[in-house]
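Q: Pulled from TrEMBL, these are the listed features:
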| type | residues | note |
| --- | --- | --- |
| DOMAIN | B:135-197 | domain 'CBS' |
| DOMAIN | B:199-257 | domain 'CBS' |
| TRANSMEM | B:284-302 | transmembrane segment |
| TRANSMEM | B:314-337 | transmembrane segment |
| TRANSMEM | B:358-378 | transmembrane segment |
| TRANSMEM | B:384-410 | transmembrane segment |
| TRANSMEM | B:422-440 | transmembrane segment |
Number of protein chains: 2
Amino acid sequence: MPQLQARIHQIQALLKDQHIEALLEVIEQLNIADQAKVLADMPEKQQFEVFSQLQQRSLVLEFMPLPQQLALVIQLPTSELVHVLDAMHSDDFIDLFKALPSALQQQVLPQLSTVSTDVLAQLASYVEGTAGSIMSSNYVTLSPDLNMNEAITALRNLKDNHDTLYLIYIVDEHHHLLGVISLREIIQAHPDAIIQEVMTHDVVSAEVNNDQEIVARTLAHYDFIALPILDDAGRLLGIVTYDDAMDIVEAESTEDILRAGAIAPFEKQSIKTAPILSLYKNRVFWLVILVFGSLLSSFGIANYEDIIEQNIVLVFFLPLLVGSGGNAGSQSATLMVRALATGDVQLKDWFKLIARESLVALCLGLTMAFAVSILGYIRGDHMVALVLAISMTGIVILGCLIGMSLPFILNRLKLDPASASAPLVTSICDATGVVVYLFVASQLLL
Amino acid sequence: MPQLQARIHQIQALLKDQHIEALLEVIEQLNIADQAKVLADMPEKQQFEVFSQLQQRSLVLEFMPLPQQLALVIQLPTSELVHVLDAMHSDDFIDLFKALPSALQQQVLPQLSTVSTDVLAQLASYVEGTAGSIMSSNYVTLSPDLNMNEAITALRNLKDNHDTLYLIYIVDEHHHLLGVISLREIIQAHPDAIIQEVMTHDVVSAEVNNDQEIVARTLAHYDFIALPILDDAGRLLGIVTYDDAMDIVEAESTEDILRAGAIAPFEKQSIKTAPILSLYKNRVFWLVILVFGSLLSSFGIANYEDIIEQNIVLVFFLPLLVGSGGNAGSQSATLMVRALATGDVQLKDWFKLIARESLVALCLGLTMAFAVSILGYIRGDHMVALVLAISMTGIVILGCLIGMSLPFILNRLKLDPASASAPLVTSICDATGVVVYLFVASQLLL
């Protein structure tokens, strides 16, 4: 965004002088995405004033987060709101429309152009997170019997504002998808060639009820610009484009990262603006659950209170031993959760992976055992060093195996493997570690 | 990839019967990405046999991970290797060429077509992770004085295998970038219109030394299909396309997730195939570092051994209290690291965020204090309950503030904020927790 930086100062000066007309002139020259960014950073009052006068305000809206879109459009008079909504791409239009207060929806609905209301009725019914809920109906279709010159003429005369002109879908009279042809193929084929002869017949597509993550991964796998979405009879319902796929991949990664930190993901919110209460709610659940996890460790300790009282030096090494198991375990879980999420690893690979992991865990355990036994000898004696070495090896190996298995178990239970968060794995490994450590100590020191 | 599933059984049957010719026929009908996937899943022996006979083997290679590409091409006779390399897109060609054994590089180099060697000399010099290292030189340029009909004719006659035909870059005779025009604009403008009048003059671009993550975020911000990469004199050197950007976003997320789990990221490796030794090395570093983190907790404990000996019940609650601080802290760090990575939050937002975080932390702390004091009263007495409530509130608040601040501090020190991994934050918060807990206990119980 280097070009944007150059304009920012000019824009800020004009803002300060309340020079709205000159400001509009500068902003209109920016790329749509930058217009949205500049607008988002303005003080609220000027924001609406500028927005309401932008030529391409419908497109600018599409580049803003939903809460901001909403805040702007509800200030528009109804007649203008109808114009703005009618000019948006169908996927963004639907998201915004659904977010409007229902009184406003009722008011606007009869005035929307028929295409929009049709589209709305059709698309609004799909479940959040499916292909249907993110697809756009702004795609181009042609019939299979045109030649390339006729196709180019048809494309030339398109008035509408399509999401992509680069992949053109070929359908029969019932809207069954027959094939796909790229604009590149249309340009490079002989002008008299017929679409049917040039197009790809075996079209890669997704179904309307598929998870949006599958759609994004399919697009990424094939490097396609767009993916057609079909109903179960093979009729074309919409498309999902590469830019939406990129947003999905990013959003799903954020979700996984938050889960890995034991935070319930919150949708379409910035941590700068999310209400304090929802930040609290998304975190307190796991914190309380994990208290019960820690209680496992506590009961482990309670069970061995005698040996602790007699060898208070054991408490000194408790955080270190127990922590190492938790750390090794959360490393394993992190590797596994990510590999499952990117499709690098499937359930069937579990046995092979466990074997590899055991070997890695053994090496890690022995390294750690060596390090900790030196500390044990310095602070205690050779028996303490032995207890530490044996426990550390066992704790690290167990930690790795737990960390590696938990995501698979969750997956088998049809839960999101990303819920095997570092804190959860840590709690379980901690408890295991306490028991292993104090058991080994009680055998060797009593 | 539903279409692929249908063919898999057929392919497996043919593989079992060693029926290579029929196998080739089926595979050739698949999409290139699927050909790569099918090939990757084959036993090694047949893999090479099929690969070496595929018509579009150069393109199939591009969809495979680098180690697999390498394993296949080194089995080819040199003359065939030259053909395969010459037919690849420049960015993938360079990655593969760099990975070849240097003896083979020397052997192949003089036989490559001049374009490839030029490109190689130019591109191989860019630092890994910069725009230069990922850009492709397979872009299309036109001169600004053509009209739309001439432009279409020129595009029609292109023979080469370009990364995109949908954005055409307009350059002067010294290859300075003057503008960009989309194929859509070329098709939809009046046939006699001149490129110069229709093209976008103010082109969004990146510099060759920019970080690849900046390039990916710029593409995502503008929803562009490709981004031109310029040298500091404004000359066009290459392009980066949306599919590369998607790969970068995914790879950077994986890196952040592994860092968050205290694992040094390994490049272009699957955990199924990465050598055991490199898995070990990428993990042992942090595990050992974190031992020293845990030692902080140990010294905290050593300092208060008297009070522990007199109130052994304190040890029972130690994992719980200390763990809660670590959990709350790693939640805060996770939120912060991700928000910094996606650009949702900048350094300047720190003060505002700390204020919000303090409020959330207070609520979390009080909730946890309430829960734990009940447990304390059951297992100990009202004084133990009081110690637990006070310590828990303090520990959770401190944990949150540490977790939130650490990524910012790392960022200021020009380190990757993602290194504020859950285990690192946990270790620091654990030590803080031990001290707070035992200090409060020593004040109230002695």
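The backbone N, Cα and C atoms fix where each Cβ goes, and this holds for glycine too.
Any TrEMBL annotation is an automated prediction that lacks curation.
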Q: For the transmembrane segment (B:284-302) and the transmembrane segment (B:422-440), decide whether they are in contact, meaning at least 3 CB pairs lie under 8 A, counting pairs 6 or more apart in sequence.
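A: Answer yes, regions in contact.
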Q: Residue counts in helix (H, G, I), strand (E, B) and coil for the domain 'CBS' (B:135-197), per DSSP?
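A: Tallied per class, the domain 'CBS' (B:135-197) gives 18 helix, 17 strand, 28 coil.
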Q: With helix taken as DSSP H, G or I, strand as E or B and everything else coil, how many residues of the domain 'CBS' (B:199-257) land in each class?
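A: Breakdown, helix to coil: 27 helix, 16 strand, 16 coil.
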Q: Please work out the mean pLDDT for the residues of the domain 'CBS' (B:135-197).
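A: In the predicted model, the domain 'CBS' (B:135-197) has a mean pLDDT of 90.
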